[in-house]
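Here's a structure for you.
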């Protein structure tokens, strides 16, 4: 009788070769490497990165990112809980299927994170940036410095929050970094969560975010038109809306080329709500948007998100538990220079749903698009991961 070979990403030659030569500075970093690098290496291979790029990317990850992931998560250890995943882990890999582009996101953590020196992890991101900037030409921190100053807490804010016991179960992540991997190079991005700043100042997240970007527009007026259009859409939904701004991001490149993205969380998980996010309540009605709307409806039919009102759950899930929850919808709006309207992107939040059923729906969608290689390899890749 024949046997079925189940793919296993731990067999990656690149991962094994690098592993043979590592002298880990501590056990935590060793655990991080061996639990993340096999999947990372396999994703790079499947996405078509050449061998030289695979080694370079994994080398940067090993030497300049893993040192900022903190203690390796277990069920019993005391660790910083990151908003990046529902399990509080500070690292996540993702794949842009249509462009075969791998990305990873992480919340930088250091020895001061969560201590009296840095109770809300405000400062460790600077050390992480110091490690990354010499590795890639073109990194520019102008937008980041502006937004971080406006939207994350300083030491005075931190003291106020602690003295008045205002944080409680509030998620404490304030900023994280992402690397879009293009060949052996990367484009660096940041994500900023103003929830703690809102607590410290008494201002809404929406007010903080939009006011900060408007101030950014004083030196970059080409971003103002799409920002005003987005604000008008958000305000039109009224004070009792189920949709609200949650975070923003920007590219850490030349300000004249950097994009700002504003993210909206929608608690009402319905096709109608997602259509409203995609078209900005009918404000976007060009041919490209309408074509995307048809694809959105097709995906909704294939994935079958259970409808209903979904609050963002608290607290974090314990490692190893099977999720029995569904997350709200989310959309982001990219502000491009010299464009009148923002560009939407919507997220199908499938966390907590059956992976096999979701994979079947995606394979069907890939086949209909003519993405034959992705359709043929997607399930095997998931099994390998």
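Keep in mind that glycine also has a Cβ here, set from the backbone N, Cα and C atoms.
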Can you pick which of 86, 103, 131, 383 Swiss-Prot lists for the same substrate site as 189, 191, 259, 261, 263, 345, 347?
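Answer, per Swiss-Prot (substrate site with 189, 191, 259, 261, 263, 345, 347), from 86, 103, 131, 383: 103.
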Measure between the Cα atoms of every pair in 103, 189, 191, 259, 261, 263, 345, 347, the residues the record assigns to substrate, and report the largest value in Å, rounded to a whole number.
19
Using a 10 Å cut-off, grab the number of neighbouring Cβ atoms around the Cβ of residue 347 (substrate binding site), all chains included.
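That number is 16.
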Could you give the Cα-Cα distance between residue 84 (L-tryptophan binding site) and residue 191 (substrate binding site), in whole Å?
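Cα-Cα, rounded: 10 Å.
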Using all protein chains in view, find how many other C-beta atoms are within 10 Å of the C-beta of residue 84 (L-tryptophan binding site).
17
